[in-house]
Amino acid sequence: MDGIVPDIAVGTKRGSDELFSTCVSNGPFIMSSSASAANGNDSKKFKGDNRSAGVPSRVIHVRKLPSDVTEGEVISLGLPFGKVTNLLMLKGKNQAFIEMNTEEAANTMVNYYTSVAPVLRGQPIYIQFSNHKELKTDSSPNQARAQAALQAVNSVQSGNLALAASAAAVDAGMAMAGQSPVLRIIVENLFYPVTLDVLHQIFSKFGTVLKIITFTKNNQFQALLQYADPVSAQHAKLSLDGQNIYNACCTLRIDFSKLTSLNVKYNNDKSRDYTRPDLPSGDSQPSLDQTMAAAFGAPGIMSASPYAGAGFPPTFAIPQAAGLSVPNVHGALAPLAIPSAAAAAAASRIAIPGLAGAGNSVLLVSNLNPERVTPQSLFILFGVYGDVQRVKILFNKKENALVQMADGSQAQLAMSHLNGHKLHGKSVRITLSKHQSVQLPREGQEDQGLTKDYGSSPLHRFKKPGSKNFQNIFPPSATLHLSNIPPSVSEDDLKSLFSSNGGVVKGFKFFQKDRKMALIQMGSVEEAVQALIELHNHDLGENHHLRVSFSKSTI
């Protein structure tokens, strides 16, 4: 039989390298002390399961594992799909068996990895159903590490923080992973704000985050993040390394830190010890929390991906996943069963599944200039960051307005970029509204044109999923990007146009390779904001309407 496990009961004498102490067709896979040789390098013949068809089972056979793989890494393969109830490592064979809590979870796992090849330590691995319906392990020394790892992981996954924080669980996790619970995080292509609260929102889906320190080094935004245990750190690294927080930017590069613990002295927008809420802020500057925490750490943000919080690679095909239900991971919010088109559209905005914006899409905008603000001006300004659906200026409090975006992620972008900027001479304040939608006035209700529905507006910038406009979203700046300029319009024409409403034009430059585009620099950010509101979609003739957006460049 050359060491292949047969599908019939056998009663022949077994050698020391035989894997099973009991072998029954489709019965439990029983690991005993006689299997010790299979964990070493002297066992040559074991080839795992002999199968011709992938009959679903709770037990999954993993092959071609890297020789230095850890128990934690193998367990992490199954975590996004449900609870891992047992593990058998055959390191000498570069194989493992994972037992899931349900056949459904195992089936989802195998289906997923059939379409997206799993990789551990840069090496492709292979996953298939086992012939065996369950794993039964004994108390042999070879199983001690696997069981300790399982206990540590499951204690965190089930929310049993007391057990997870116990010395035994932490020690077992350290021995299992051989790694620090501290991660070093570098964010590349930082086009949008990434704050301490953004990181906490993302990384807390994989375990209990104890401390975070953020800093800038070599002109790169970096962070150190400490988990309660190395298992969570391992899981987060495997799931998030190389992923983009937002589409096509803010790429996470994650490594283990040489530090085993962080020393946080202050709780502010740069550092946080979640176990010590009593720590001082350490400076007199207002914390970014006031403007950012509501945006990115808001409760109720849900995933537009059916694999909520699972941290799948960006290669995962969203349409294939629509409607699937996968058990939550580390308290991740409930997955949504949504149409594939909606899933694909949402995925084009936010790259990490657990951060996609199906949360509150309505913003409360206050401290407006009641003499000058109009629904149209708010539509154009907020439309730089998403597709505005409705705007309502409050009838009895015209310094306040509600702006409804297409989804929660767009609302968060608009809030993070516009909060505190001046509009019509006043610094606007923006928060998430308690309302879930903006109501249109009833027929006959006095409104004075203060409520507008823009749901079908042709001026939406982000109608097409994956549009390049998603990659050109920048905070308000004095420099504006102009496009769709006809050949007959000159530099002087545009300078005259932008100074006609009292603004000062400080600089202008056509793009060398494309005179349909240009940069124009106004006297201040406030002037640029006003110019964008007044001149976006301005008719330049020849069937050309000017497109205006904020630029990250200067002249």
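Even glycines carry a Cβ here, placed using N, Cα and C.
What Swiss-Prot lists as N-acetylmethionine is Met1, and the listing cites experimental evidence.
Taking the domain 'RRM 1' (58-142) as a whole, pLDDT averages 85 in the prediction. Summarising the annotation, Swiss-Prot assigns domain 'RRM 1' to 58-142.
On its own chain, Lys64 (SUMO2 cross-link) has Asn94, Gln123, Pro124, Ile125, Tyr126 as residues at least 6 apart in sequence with a Cβ closer than 8 Å to its own Cβ. Lys64 (SUMO2 cross-link) falls within neither a helix nor a strand when secondary structure is assigned with DSSP, and so counts as coil. According to Swiss-Prot, the SUMO2 cross-link annotation covers Lys64 (among others), on the basis of similarity to another entry.
Residues or ranges marked as phosphotyrosine in Swiss-Prot: Tyr126. The Cβ of Tyr126 (phosphotyrosine) has 13 other Cβ atoms within 10 Å, all protein chains considered.
For Thr137, the entry in Swiss-Prot reads phosphothreonine, with the evidence type similarity to another entry. DSSP assigns Thr137 (phosphothreonine) to a strand. For Thr137 (phosphothreonine), the Cβ neighbour count at a 10 Å cut-off comes to 20, with all displayed protein chains included.
Taken from Swiss-Prot, the feature domain 'RRM 2' covers 183-259, and the record attributes it to sequence analysis. Broken down with DSSP, the domain 'RRM 2' (183-259) shows 22 helix, 34 strand, 21 coil.
Residues annotated as SUMO2 cross-link in Swiss-Prot: Lys217 (among others). Taking a C-beta cut-off of under 8 angstroms and a sequence separation of 6 or more, Lys217 (SUMO2 cross-link) has no same-chain neighbours.
Annotated domain 'RRM 3' per Swiss-Prot: 361-412, in sequence order, evidence recorded as sequence analysis.
Per Swiss-Prot, the feature region 'Disordered' maps to 435-457.
Per Swiss-Prot, the feature domain 'RRM 4' maps to 478-553; the stated evidence is sequence analysis.
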Residues of the domain 'RRM 3' (361-412) by DSSP state, where helix covers H, G and I: 13 helix, 13 strand, 26 coil
